[in-house]
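Colleague: Mind looking over this structure? Questions follow.
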């Protein structure tokens, strides 16, 4: 088994995991699988994280001054795009580009197993919520197998190019038993799985840190997957945010 982060550099992180788990290598593809263009600004909590090299991860606005993302997306500083639909749009109406210099990983984040894969990023200024920029509540109830949830992101397409427009895909939550069976020995209770259906719908590299929304709440963050994306019977892994509500609230209140 090879597990890879859902970042553009997921292959490199996957190779690190091979050394730990003794897993065999397999090919990696990079995209949201079998998705479609989201309706413009239908996911107003979606954030895009940029470094000097360009877009590298997604995030989620959970407070006017705080964005959640995957811990493996950590950088020293960020430009955070909010209210974006078209990544290539120049000054898209209703969007903001904000600097952020403070990010706090969960103290128990485990690289390379991806346990507790979340961090909070504090924007240098608060945003005023609008039709295009709006925070989303973090789920307090854990996901139920069979729930239909929506994942969104700008991960690479089948042709290897990044999409201009935000992509959306509906996935079904897998059982804990299935997730544990497929991802041992790196499986952890901070994770849940979704996807893996015969329709081959999936998240993939480039989608890391982005939202999976169930029942109008932020249920999780795109974290990692196993080998090639979109394999029937192989769901991807998401950070299980219902386990972290107290930590999230404490960090926001004390920083």
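Every residue, even glycine, has its Cβ placed from backbone N, Cα and C.
Straight out of Swiss-Prot:
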| type | residues | note |
| --- | --- | --- |
| SIGNAL | 1-25 | signal peptide |
| BINDING | 41, 92 | Zn(2+) binding site |
| DISULFID | 57-73 | disulfide bond |
| ACT_SITE | 72 | active site, charge relay system |
| ACT_SITE | 117 | active site, charge relay system |
| CARBOHYD | 124 | N-linked glycosylation site |
| DISULFID | 149-214 | disulfide bond |
| CARBOHYD | 170 | N-linked glycosylation site |
| DISULFID | 179-193 | disulfide bond |
| DISULFID | 204-229 | disulfide bond |
| ACT_SITE | 208 | active site, charge relay system |
Colleague: Have a look at the recorded positions 117, 124, 179, 229 and say which one has the shortest Cα distance to residue 208 (active site, charge relay system).
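Modeller: When the Cα distances are compared, 117 comes out closest.
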Colleague: Output, ordered by sequence, the same-chain residues six or more apart from residue 117 (active site, charge relay system) with a CB under 8 Å from its CB, or 'none'.
Modeller: 70, 71, 72, 106, 109, 190, 191, 221, 223, 224, 239
Colleague: For residue 92 (Zn(2+) binding site), just count the other CB atoms lying within 10 A of its CB, please.
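Modeller: The answer is 18 other Cβ atoms.
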Colleague: By the count of other Cβ atoms within 10 Å, pick out the sparsest of the glycosylation sites 124, 170.
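Modeller: Taking 124, 170 as the glycosylation sites, the minimal 10 Å Cβ count falls on 124.
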Colleague: Whole-number Å only: compute the distance from the Cα of residue 179 (disulfide bond) to the Cα of residue 149 (disulfide bond).
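Modeller: Checking the Cα atoms of residue 179 (disulfide bond) and residue 149 (disulfide bond) gives a distance of 16 Å.
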Colleague: Consider the recorded positions 41, 73, 124, 229 and say which one has the Cα lying nearest the Cα of residue 214 (disulfide bond).
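Modeller: The answer is 41.
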Colleague: Cβ-Cβ under 8 Å from residue 193 (disulfide bond), same chain, 6 or more residues apart: which ones?
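Modeller: Sequence-distant Cβ neighbours: 173, 174, 178, 179, 182, 183, 235, 236, 237, 238.
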Colleague: Hey, of 41, 57, 92, 170, 229, which of those recorded positions are within 10 Å of residue 149 (disulfide bond), Cα to Cα?
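Modeller: Within 10 Å Cα-Cα: 170.
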Colleague: By CA-CA distance, flag whichever of 41, 57, 73, 92, 124 among the recorded positions is nearest to residue 204 (disulfide bond).
Modeller: 57
Colleague: Roughly how many angstrom lie between the C-alpha atoms of residue 170 (N-linked glycosylation site) and residue 124 (N-linked glycosylation site)?
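Modeller: Cα-Cα, rounded: 33 Å.
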Colleague: If you count the other Cβ atoms within 10 Å of each Cβ, which of the recorded positions 41, 72 comes out on top?
Modeller: 72
